[in-house]
């Protein structure tokens, strides 16, 4: 039965990790109805592994763009010295943007999860950022031209600014992609570049967070049975495959549409969560 639950949760992670609708919010809902019959430590490891599956999809999809080493590229896809230089610059921008989350997130992440990983805080963050998306798209964007239409032209200062917005995503329900896309739009980055940079920014942030949590899991004397390993592997593969589709969908979607739909979706989901939380509290 856990294998079926793992597949469902992998699908949810694969879709919601990259769309700006909060993977945490959806996983909280899923956990209410699709609980894994496992320990709390394993569930935390499970969340880490499905995130790894999601981020590996970015590495695979954008390997050539992100790879500065020609030795790892096919003969027909060798980069010019200029392209290699731009790739290194892109990585520098990604690392600059990742710094605020690393500095602030490491000491606060567990505390924030403990105090805010609940229905009501998540619901409010869903609604707040849903409203933000709608306001930015309807009020801000029409009065400001996009100044960054190519990721190679993204200024280092803008990368840092986007990274500061990513810190806000430490609050469950915010959405890492949602926070960074909002920050990118406010500094004049086009929707396409905002989405793409968000994908890349997830690599050091999510790999780093996953490494720390995996280390913490085994350091505390936990181990995995053969069945548990199988559950993790299945969920990781599903999250990887679904993420590939979700990333392709979002990159195509933002070429013709804005983020208003996602804002409305977040608001509706947030309201549903609040109603459910009140209903559950009423029933005791």
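Cβ coordinates are placed from backbone N, Cα and C, and glycine is handled just like the others.
Record note: among 146-166, 167-187, 167-187 is the stretch given as transmembrane segment by Swiss-Prot. Under the criterion of 3 or more C-beta pairs below 8 Å, with sequence separation of 6 or more, the transmembrane segment (259-279) and the transmembrane segment (90-110) do not qualify as touching, having fewer than 3 such pairs. Below 8 angstroms of C-beta separation, residues 34, 36, 46-47, 50-51, 53-54, 57, 117, 122-123, 125-126, 129, 133, 172-175, 177-178, 181, 198-199, 202, 234-243, 245-247, 249-250, 259, 262, 265-266, 269-270, 273 of the same chain, each at least six residues beyond the ends of the transmembrane segment (7-27), sit close to that stretch.
The transmembrane segment (90-110) shares more Cβ pairs under 8 Å with 197-217 than with any other stretch in the list 44-64, 116-136, 167-187, 197-217, 229-249. Here the transmembrane segment (197-217) does not touch the transmembrane segment (116-136). Their Cβ atoms form fewer than 3 pairs under 8 Å, with each pair 6 or more residues apart. Within its own chain, the transmembrane segment (229-249) is flanked in space by residues 2-3, 6-7, 9-11, 13-15, 17-19, 36, 38, 45-46, 49-54, 56-58, 60-61, 199, which lie at least six positions past its ends and keep a Cβ under 8 Å from the stretch.
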